[in-house]
Amino acid sequence: MHVVYPAVVAALLFSVGVYGVLARRNAILVLMSVELMLNAVNLNLVAFDVWLRDRLHGGQVLTLFVIVIAAAEVGVGLAIVLAVFRNRRTVDVDRLRDLGEPEPVGASPGEPEPVGGGPDGRAGDAA
Amino acid sequence: MDGYFGSYAVVGALLLIGVGIFAGAMTANRLLRPHRPTPEKLLTYECGVDPVGEGWAQSHVRYYVFAYLYVVFAVDAVFLFPWATVFAAPGFGVATLVEMFVFLGFIALGIVYAWRKNVLGWT
Amino acid sequence: MIQSIDYAAIAPPLILALAAGLVLLLDAFLGRPRAPGFAALGGVLLSTAAVAWLAVEGAGRATFCIPGELRGGGPASCSYVADRFTLVISAVMLGAAVVVVLLSMTELARGDVPAGEWYFLLLCAFAGAVALPASRDLVMLVVSLELVSLPVFVLAALRRYDGRAGEAALKLFLVSVVSTAVMLFGASLVYGVTGEIHLERIAAVLAGARFTDAVPAPGAGAPVAVAGVVLVLAGFAFKVAAVPFHFWAGDVYRGAPVPVAALLSVISKAAGFAGLILLFTLAFPALRGVWGPLVAVLAAATMTVGNLLALRQRHAVRLLAWSSVAQSGYILAPLASADRGAVPASVAYLALYAAMNMGAFAVVAVVARTRAGNELDDYRGLWAVSPWSAAALGFFLVCLAGLPPGLAGLFAKIVVFREVVAGGLGWLAIVMAINTVIGLYYYIAWAGRLFAAVRPGRAVPVTAPAGVAVAIALVATGVFSALPQLAISALG
Amino acid sequence: MNALLDTALRLVVITGAFLLLPLIVGQTEHKVMAHMQGRLGPMYAGRFHGWAQLLADGVKFAQKEDVIPAAADRRIFGIAPAVALVPYLVILVVVPVGPGLVGRDLDVGLFFVLAVLGVGVLGSIMAGWASANKYSLLGGMRVAAQLMAYELPLVLAASSVAMAAGTLSLPGIVEEWRWWWLPWQAIGAVVFFVAGLAELQRPPFDMPVADSEIIFGPYTEYAGLRFALFILAEYAGIVVLCALTTVLFLGGWHGPLLPGVLWTLIKIFLLAFVVIWVRVSYPRLREDQLQKLAWVGLVPLALLQLALTGVVKVLLAA
Amino acid sequence: MIPVLLVTVPLLAAAGLLVPAARRVVRGYGLAVSGLVLGLSIALAATFDYARPAAVQAEVDVAWTPGLDLRFHLGVDGISLPLVVLTALLTALCFVYLAGRPSRRMRALTVALLVLEAGMLGTFVALDLLLFFVFFEVVLVPMYFVIAVWGGPGRRAAAVKFILYTLLGSAVLLLGLLLIWAQTGTLDMVDLARTHGSGMSRGAQILAFVAVAGGLAVKAPMWPLHTWLPDAHTEAPTVGSVLLAGVLLKMGTYGLARVAVPVLPQGAEAVAPWLGAFAVIGIVYGSLACLAQRDLKRMIAFSSVGHMGFVLLGFATLTPVGMNAALFGNVAHGLITGLLFFLAGGVKDRYGTSDMTRLGGGMLGRLPYLGSLLTFAAVASLGLPGLAGFWGEMLALLGAFSPGAGLSRPLYLVFMAIGGLGTVLTAAYFLVMLSRVTHGRPDARWRDARLPDVTGYELAAWSPLVALTLVIGLWPKSLLLVTDPAVRVLLGVVP
């Protein structure tokens, strides 16, 4: 099998993940999208490892660690989401605004809009 | 049918067989069974009384801690397998074993901690 | 075949990891709330001693090398190298770690945070931070980077019933996780092109060497390699809060406990930069044409946006947050130049910045205990009630601004300027010059508030650990001011 | 062509075994339980000791109406039984019954087995979720918790064998097996078997389906053939678990006098008997007891076994 | 060794004040320290070998930070010596003035002034480019606080404006210095001056000169970079204004003489016409602006712009005559404007305002000593022959009459003509000022006010300036003899 196939699949998977991260507002769904991205990484690594006939199996080793990292991230992430949910009853990242930049009175024009706290706040959504 | 993909092709074939069995059974079932739905029949079953509230009631997440423990430890176990297959090979030896004990020690530490903190009990 | 491990070389992170375990056990079995703190402090100091010993002992140690028969004619390529770079960055990390631990003792005195977990997580993060600069392959690099990051998420959220802390942690977490994924994808592409995970071998392959038959002809995967490098850069840009991936900094610093904010702004950031420097100068020098200009633009944008955002802040921690974004820009700037002195310049700036910024955070942590709002205006007239705190903070701020008597900051800026000028990046130098002035404005305005003659609020009680923390930062900054050589020539 | 035929033949045999063995175990359970409880069990269907009882059950189930509750998540509800059942079939492909008698020798066979084993449990969780029923949901969560608690000891115990054998291939492990592995890996064997029972939700670990508490948990809403398939999955699970224990810990086809295949089957059925015996003998655990047993009992034991294996292995090598 | 003491004594003294127990010893402390420093500077001047003023004397050269090539290299020559003495003198006089009129938060003010003194002296004795820059920067923070804490009503904005402008200037300066360093590989000002920019291409020299001169010009200040100055001078307390005008501005022009012109001759040649043009614009602009001012301090501040225009014009000629003029003008302006700000401060202290229309006239009648001192200072400042102010302006115009080789003579003749016009305008606004303030009848509103005349402390603070103005004005050679050989060496006229 040519290496292009898994590589393209991985790229697509990664793109789906990126889309999810950008489009989803629920923290847990964002987390799942990140998992997709990480799995795209794994797919890439394993495919390349096999294709390259890497004698050190660097790709596979890295994959193992990526799996572990992903698991740890999920564990920590869910814990944080739970904690936030307990306190706020929402995990919508758009509605977590307590820490947003306070709107200064009469902000001088020309200064950049405070990303993360502007009225539309799109810039903060990548989180 | 040899080699890496060959092996998994066999697995895939068996998977298809399994799905086929399921599909076949359900098809046979469709031909044999009666089909007379009534609203009462399709009602969610709660010991015979009318169901209260939604089925997907929010429930306590006391299992979360276990889920987390599992994720941590099971994933740690991922490292055990590659290690297990080679650690006795020539060239490896006591040092490799000691390393794994260190690794297991950290896992054990986690369990001891969880146990002491009463995480494993029922809250 | 068997790996012989040089335990002396890996002692610093090992000690920290063991200390972390010890802290956990102490907390579980002893139940004395103060014990974990002292154990953590001991661990950090012991690790510092190990670093010092390694530095004195000289000869760069390396361990976890590729065994001879697998090298394919390439270099030995060890995964863990305790060379000068490693030791210097480790020393910076550990110095900051001591301050963070001391600040934590004060922070935890309130009792709303579980102490054992707190110190355990701190030590884990430190272990990652110390292992990171020693990493010379992708696996070590990624793992230690995550080891630095993951505990910090939890630390930020550990004050469980504080919604803000949780929000900060969630934001930090999501940003960091996404950046990790992006970076890893880039790394996987690089691996695909080169077939190597050791940095020096990646560099060799990218430069045209071949260690196995399987790797395609050199240059065949160039576009893929470029894409990989750009993705890796983007990932790191998140970690060091470079523009346009900076937006999380203000919220997160503000919401997290002050020691965590300090840790984020110094240790996490230093870790990000250490990784960035290692990867880009050791693994991707052949692609400098690709990432050099990108880093330059990133640096310029980072310092400018960070400064402009800091300019309008009314909250102390938030100001420090954005200003540390701006400082990231200065650290990035020399890396854009192809000059030999680029890395020493960045590292020198990093070390000096670490000392100054830790100090500022230490004082802010002290002040935050009595002035919960922690607005800049809460600092008005601090001089009148707490002259020592005010003097220390004033000194750190002036240092950060890069003005005498804060010579540490001035020299830091000079070093960076020199690199940028020598690298022929005139436009970047001019952007930096303008930014220095902007930065000066808000630092000096804050410093000015300290000495204002109005409304002296309550005095600020300084606990012993916090006092020691401030003193350490003060001494470090002072020494750097008098002998900048220590930082500037740390890398020879 | 020959190879293809060979493979096809192996698949047919596996499928046949998959359909047959669980029924035998099920029938055995009927009879053994009955006799242990001092009664006869099925006696009517097929005349001789009710041997065709399960076939009759099957015919009955096939004719029953397939009720899907209005509130349920139809698609997931529908495929859950397949998800519960098919993995056990797939596992059988790597289980050797004799030297060379294996569907396919995967070099990461043990990994494969453990991975697929987890998928099977997913079926129950899906069922519990899709039913839109509080009891089912509760059951589903219990299943999940149980899976998580027992996956780790299972994996650790299995890795102990992998260590001992130095390979992940199941036939490879059997080939490496020596009789003194029995005492050596005894702890691991017990841990593996107990954890496997828990994963299968067999008594005394059947609180997810506890009919007296939560009315069969995830399967409350199931009727007809889909329910039957779940039951079939349970018995297939017993077969698989016993087969794995046999292969990993009891030496598979090794044994004196008799042919290897026979030894394998004998061991499997002996273990299946134990499974039934345990069901009759032990009361159901409480959910927290179950968790505690896993984390405080089995996991440390498994770690101990790992250590033991490592030490012995290194001593042997030296 | 003395240069080191000049820097360290005030610094250590300032540090000593930070000890909390020092609360009681403040009175006279600053005076004693600055007196000591003045003594040191006089000792330096006394031990100076006037036979060879072009050589660096009392040299100290210790490596500080090898990583930056930074050396602790101090020394004086004919160019820096007068400025060192001037600085020490003005600081000491400031403390004399303060002794007679203690300010609030005296301890902090003493610290600030002492640090300021260290920075100013350091700037003049530093012989390493980076060290020069460091001292150049040291001045900023204490001056910021002097303005921001002890200043007038608009002090915050003025202080911020001051520090931002000058910092921007010094950032650009730093870039220029680093460019020089990158091109020549050395930071030693003596070496650099000796080689006259060999090793740097013309383009690099021009770039570096623009950066260095631009940075210094902010401090000098040169039109159009002067806008921070009127606010800062006006809002600063008297001692702040005195030191600002008397010393800080000199740091900019001193840098031009020490770094920009000798090290970057080709760059200087290319940029000098622009420098000259800005200088004469500054002269005329400053004078016109003075005419429009109602506030005494503000008027003096703008007059500084004009005077520094002459100094810059002197540099722009790139001739020994012009350079000497510039250095002479530096010292003269330091003395005279320092005196003027002292006097303006005195006026403001008494009348509570420095608005000329509110002051009304008749000061000579009401406060004869103060009035006559003001008259003297104003006349000196407008460049009356025989007083210090005259020589600087005259020599600068003379230099413009025959500019250095490679410069367009007609252009400089135009500059000279405009500069001459400037002298007339200068005379005009000072005379207008005098006519409004010192002459005429005292305003009725001050009839019942208690307005003490010059006190002993004030007299002690001001009379040395008067005396020196007279001495240098009558005997300009005393100063020119010291500077001229050094200037010739720096310009490469004489080996």
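Cβ atoms are placed via backbone N, Cα and C, with glycine included.
Sequence annotations record features per position, and here TrEMBL assigns domain 'NADH:quinone oxidoreductase/Mrp antiporter transmembrane' to C:135-438.
Annotation source TrEMBL lists transmembrane segment at C:6-26 (among others). Same-chain residues lying 6+ beyond the ends of the transmembrane segment (C:6-26) with a Cβ under 8 Å from its Cβ atoms: 32, 35-36, 39-40, 42-44, 46-48, 50-51, 53-54, 57, 61-63, 80-82, 90, 94, 116, 119-120, 123-124, 126-128, 130-131, 134.
Same-chain residues lying 6+ beyond the ends of the transmembrane segment (C:85-103) with a Cβ under 8 Å from its Cβ atoms: 12, 37, 40-41, 44-45, 47-48, 51-52, 54-55, 119, 122, 126, 129-130, 132-134, 258-259, 262-263, 266-267, 270-271, 274, 277-278, 343, 347, 350-351, 354-355, 358-359, 361-362, 365, 465-466, 468-469, 472-473, 476, 490-491. The transmembrane segment feature in TrEMBL is assigned to C:85-103 (among others).
Among the features that TrEMBL reports, transmembrane segment is placed at C:115-132 (among others).
The transmembrane segment annotation in TrEMBL covers C:138-158 (among others).
Marked as transmembrane segment by TrEMBL: C:170-191 (among others).
Among the features that TrEMBL reports, transmembrane segment is placed at C:224-248 (among others).
For C:260-284 (among others), the entry in TrEMBL reads transmembrane segment.
Among the features that TrEMBL reports, transmembrane segment is placed at C:290-311 (among others). Nonlocal intrachain contacts for the transmembrane segment (C:290-311), taken as residues 6+ away from its ends with a CB within less than 8 angstroms of a stretch CB, comprise 226, 229-230, 233, 237, 241-244, 246, 250, 280, 284, 319, 321-330, 332-333, 335-338, 425, 427-428, 431-432, 434-435, 438-439, 441-442.
The transmembrane segment annotation in TrEMBL covers C:347-368 (among others).
Per TrEMBL, transmembrane segment is recorded for C:388-412 (among others). Distant neighbours of the transmembrane segment (C:388-412): 323, 327, 330, 348-349, 352-353, 355-357, 359-360, 363-364, 366-367, 379, 382, 436, 439-440, 443-444, 446-447, 450-451, 460, 462, 470, 473-474, 477-478, 480-482, 484, 487-488; these residues of the same chain sit at least 6 beyond its ends, with a Cβ under 8 Å from one of its Cβ atoms.
Summarising the annotation, TrEMBL assigns transmembrane segment to C:424-444 (among others). Residues 296, 299-300, 303-304, 307-308, 310-311, 313, 319, 323, 326, 329-330, 333, 336-337, 397-398, 400-403, 413, 416-417 of the same chain sit 6 or more residues outside the transmembrane segment (C:424-444) yet have a Cβ under 8 Å from a Cβ within it.
Same-chain residues lying 6+ beyond the ends of the transmembrane segment (C:464-483) with a Cβ under 8 Å from its Cβ atoms: 95, 98-99, 102-103, 105-106, 351-352, 355-356, 358-359, 362-363, 365-366, 389, 392, 395-396, 399, 405-408, 411. Annotated transmembrane segment per TrEMBL: C:464-483 (among others), in sequence order.
Below 8 angstroms of C-beta separation, residues 85, 88-89, 92, 95-96, 99-100, 102-103, 106-107, 258-259, 261-262, 265-266, 270, 273, 277, 316-317, 320, 324, 327, 330-331, 334, 374, 378-379, 382, 389, 392-393, 395-397, 399-400, 406, 408-409, 411-413, 415-416, 460, 462-463, 466, 469-470, 473-474, 476-477, 480, 484, 487-488, 490-491 of the same chain, each at least six residues beyond the ends of the transmembrane segment (C:347-368), sit close to that stretch. Proximity of distant same-chain residues to the transmembrane segment (C:115-132), defined by a Cβ-Cβ separation under 8 Å and at least 6 residues beyond the stretch ends, is recorded for 10, 12-13, 16-17, 19-20, 23-24, 26-28, 33-34, 36-37, 39-40, 43-44, 47, 51, 80, 89-90, 93-94, 97, 100-101, 104, 108, 140-141, 143-152, 154-155, 158, 263, 267-268, 270-271, 274-275.
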